[in-house]
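**Q** I'd like to ask some things about the structure below.
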2 protein chains.
Amino acid sequence: MNKITVGFLGLGVVGAELVNIIRVNQETIIRNYGVKVEIGKIFIRDMNKKRGTDISSLQLTTNVEEVIDDNEIDIICECMGGAGTEKTKEYIIRSINNNKSIIMSSKKTLAYYGKDIIPLAGESEIDLRYDATVGGGIPIAKILTSCFKGESITKIVGILNATSNFIYSKMENDVVSFKEALKEAQSLGYAENDPTEDIGGFDSLYKGIILAVFAMNKWVDVNQLSTTPFSTISLTDMNYALELGYSIKPLVIFKNSNGTLLYRIGPCLIKKDHIVANTSDNYNMIVIEGSNSGVLGFYGQGAGSLPTASAMFDDLISIIEKNNNDHFNSKLKQIKNFNNVEEYNNSLYWRLTVKNVIGNLSRITAIFSSYKINIEKLIQKNEQKNTVDVVLLTSRIELNQLSNLTDELNSFDSKVESIIPFFED
Amino acid sequence: MNKITVGFLGLGVVGAELVNIIRVNQETIIRNYGVKVEIGKIFIRDMNKKRGTDISSLQLTTNVEEVIDDNEIDIICECMGGAGTEKTKEYIIRSINNNKSIIMSSKKTLAYYGKDIIPLAGESEIDLRYDATVGGGIPIAKILTSCFKGESITKIVGILNATSNFIYSKMENDVVSFKEALKEAQSLGYAENDPTEDIGGFDSLYKGIILAVFAMNKWVDVNQLSTTPFSTISLTDMNYALELGYSIKPLVIFKNSNGTLLYRIGPCLIKKDHIVANTSDNYNMIVIEGSNSGVLGFYGQGAGSLPTASAMFDDLISIIEKNNNDHFNSKLKQIKNFNNVEEYNNSLYWRLTVKNVIGNLSRITAIFSSYKINIEKLIQKNEQKNTVDVVLLTSRIELNQLSNLTDELNSFDSKVESIIPFFED
């Protein structure tokens, strides 16, 4: 009988869960594939930490070389979490050079160093799997590997960060502030103590880059992109949006427009009846547009160590089955950059606080019109003694004009509180 | 260079579209896989019919044996549409016996004769692919083949018939009757002239059976199941449902409850904020529950020859890539029947027309209570001179009591207009 030895980098919640799934399925794998999966050496950093699996028979080591240089190990399961992105890259590259297949889970490493890792894997005989890095429980990598063969993908839109989506859903449903909703997410374990990666949009950015490279075969560096933090949304905007028939969602938009990347990582207004607007709680949704397949949407739970470990287990079986990834490799021996990178530019939602004085509204509309911006809707709301909320829906504006326009609006009796783009199909 | 010859059964819209995709991608396939795909003999029934592709270089024949017995042909693309289910089965079985791989598109054939076809394919060296039979553009077969490896699937819920979903969406959005919405679906090409298969629920039934066998590895015969036609829904029910916070959707529910199949193919009320309730127009949604992956949803366009042909092309590439389907085969050499088959039983929505006479309401509630059925909500609506609509939400009822209860309700001043179950997660 064939034997395959699996080594581990890291044994946190995901790694421990994966060990459990492998153990439970060992007999089934032997029966179905005639392969015995053995768990080999496991690199951990702290020998004294409690683990989510029985470690009595595991070979734990704090020396990473015992794993990545071990000739016995065929496949490396990388479960490093967010820790030490650059180190993780080095371990992976050395493992590939040592002819080991890789099952990745660190999205940050893949987003930062994919341009080094992916072509190296493509040139080699090894297999690189990454389904745990993006989409939570959604098997998006396997879908991208086995579908869209005779067509090209030009657009990816989605909710890739379940934490932020949970917070937004909470705000919308329970009419609570971002802060309160974040607190609840933290108490439920959906958000980390330091939630920056999630609510700052960075987690979404990494995942967007990974999807772009595998779906569109184009590369963009992390530092070429900026995010609008999801935490910039207030309940006031959410309520006005709902009144207008829109939800505000923590979106990622990646569009290949003849080699130019149009992107947005930040809050967007999206029509209430759109399938993405109806993706709530801690769920992800990835919408992909193929020239033949049309619009496809993939929905699944975002957070959770079990779905993540389950995705890695499916990756492991794919490698055992020797699901041919020639196509994957040949396509990815060379990855080209996008020619240009531009922020997605669309109609805008504006909220201004304006001094409640006759004539102010016409001054505001005059300023917009001096920039040749069309006002499609204007609503006054929440009239107070001295101020009033003015909500405007306007046509798109060249992004380099945005700060001048905002300065001008802020320079007299009004203050721009928020500017949020609309997502349109 | 390797050569693969592809024969066709049928050259309707899907077959013609597939020929086009193969032609466009011929060079790419050579580059990526080193394989030349040749289009071999094509079985058609009518030499004079116009075709959606240039036929000047194609080898058309009205003799099916020239295709299924041709030693040159490696792969058969079955594009027979709904025509001649039993004949199609015979052609496929003979092709498998002649050692040809099969790419199927006829859902009816697979649903009726899968128990013959699938184990035969499983025992042989050939490859059977079926992604075009279910889910429209959704690559559900590829997802089932490459995911859920270490877990079991116990529930499939979805909208599998895009035509009926389009009609329901039209009714809900435009406040038009089923008939009017059907007419519009026909004029747009979303519904056939004879829409029985779609609106009667049979198309959904076939697809449900196919998903059950590949996801749950269990078989059920078409004639063991009954459908509640989607056409039984009136605008009145749809509006009352909306008022109560529900959408009515044309659902398929397949649940493996310890070997017993609980199923429903028919309209159901489903909470307005559920992802399935927000699947509109001519879209499909398939929701699958795995023990590790959690709830996953797959969304895509239902109708259309291009998505269908595109799914078949992906199947073709999978065969060329020799994506190992050992697991698929070993699992499906034997398919066991469900132990029992029962209709899904849940809380119910009732609409009655009741003579507007004092005391009638208490008679109705007394009848329900004599059956030990709990009334969770009761609403009187649309009071006319002589009648009133009574809408009740009740607890579940043993299905064998349903007709007695209905008879009793109909036996005096009231008439049961509709009974629709709720879908609950």
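Here the Cβ of each residue, glycine as well, is placed from N, Cα and C on the backbone.
The active site, proton donor annotation in TrEMBL covers B:K207. Under the heading NADP(+) binding site, TrEMBL lists B:L9, B:G10, B:L11, B:G12, B:V13, B:V14, B:G15, B:A16. Here TrEMBL flags B:K107 as NADPH binding site. Taken from TrEMBL, the feature L-homoserine binding site covers B:E192. The domain 'ACT' annotation in TrEMBL covers B:349-421.
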**Q** Residues near the NADP(+) site, B:L9, B:G10, B:L11, B:G12, B:V13, B:V14, B:G15, B:A16 excluded, by Cβ within 8 Å of the Cβ center?
**A** B:F8, B:E17, B:L18, B:C79, B:M80, B:G81
**Q** Around the C-beta of B:V13 (NADP(+) binding site), how many further C-beta atoms are within 10 angstroms, looking at every protein chain?
**A** 18
**Q** Of the recorded positions B:K107, B:E192, B:K207, which one sits closest to B:G15 (NADP(+) binding site) when you measure Cα to Cα?
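**A** Going through B:K107, B:E192, B:K207 one by one, the Cα closest to that of B:G15 (NADP(+) binding site) is B:K107.
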**Q** Among all the protein chains here, how many other CB atoms are within 10 A of the CB of B:V14 (NADP(+) binding site)?
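**A** Step by step: centre on the Cβ of B:V14 (NADP(+) binding site), count other Cβ atoms within 10 Å, giving 26.
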**Q** When DSSP states are grouped into helix, strand and coil, how many residues of the domain 'ACT' (B:349-421) land in each?
**A** 23 helix, 30 strand, 20 coil
**Q** What subset of the binding-site residues B:L9, B:L11, B:G12, B:V13, B:K107 lies within 10 angstroms of the residue listed as 'active site, proton donor', using C-alpha positions?
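**A** Correct set: B:K107.
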**Q** May I ask for the distance between B:G10 (NADP(+) binding site) and the residue listed as 'NADPH binding site', taken between their Cα atoms and rounded to an integer number of Å?
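**A** Here the two Cα atoms are 15 Å apart.
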**Q** Can you count the other CB atoms that lie within 10 A of the CB of B:G10 (NADP(+) binding site)?
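**A** Result for B:G10 (NADP(+) binding site): 24 other Cβ atoms within 10 Å.
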**Q** Please report the Cα separation of B:L9 (NADP(+) binding site) and B:K107 (NADPH binding site) in Å, rounded to an integer.
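**A** Cα of B:L9 (NADP(+) binding site) to Cα of B:K107 (NADPH binding site) measures 15 Å after rounding.
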**Q** Hey, which of the binding-site residues B:G12, B:G15 is the loneliest by Cβ count within 10 Å?
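**A** The binding-site residues B:G12, B:G15 were compared, and B:G12 has the fewest Cβ atoms within 10 Å.
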**Q** According to DSSP, which kind of secondary structure is B:L9 (NADP(+) binding site) found in, if we only use helix, strand and coil?
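**A** For B:L9 (NADP(+) binding site) - judged by DSSP and reduced to three states - the answer is strand.
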**Q** Quick check for the class: what is the C-alpha distance, in angstrom and rounded, between B:A16 (NADP(+) binding site) and the residue listed as 'L-homoserine binding site'?
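**A** The separation of the Cα atoms works out to 19 Å.
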**Q** Work out how many Å separate B:V13 (NADP(+) binding site) and the residue listed as 'NADPH binding site' at their Cα atoms, rounded off.
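**A** Just about 16 Å between their Cα atoms.
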**Q** Count the Cβ atoms, other than its own, that fall within 10 Å of the Cβ of B:A16 (NADP(+) binding site), considering every protein chain shown.
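**A** If we count other Cβ atoms within 10 Å of B:A16 (NADP(+) binding site), we arrive at 22.
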**Q** Give me the count of other Cβ atoms within 10 A of the Cβ belonging to B:K207 (active site, proton donor).
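**A** That number is 27.
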**Q** Using a 10 Å radius around its CB, how many other CB atoms surround the residue listed as 'L-homoserine binding site'?
**A** 14
**Q** Do any residues at least six apart in sequence from B:L11 (NADP(+) binding site), in the same chain, have a Cβ closer than 8 Å to its Cβ, and if so which, in order?
**A** B:V19, B:I42, B:I44, B:R51, B:T53, B:I55, B:L58, B:L60, B:C79
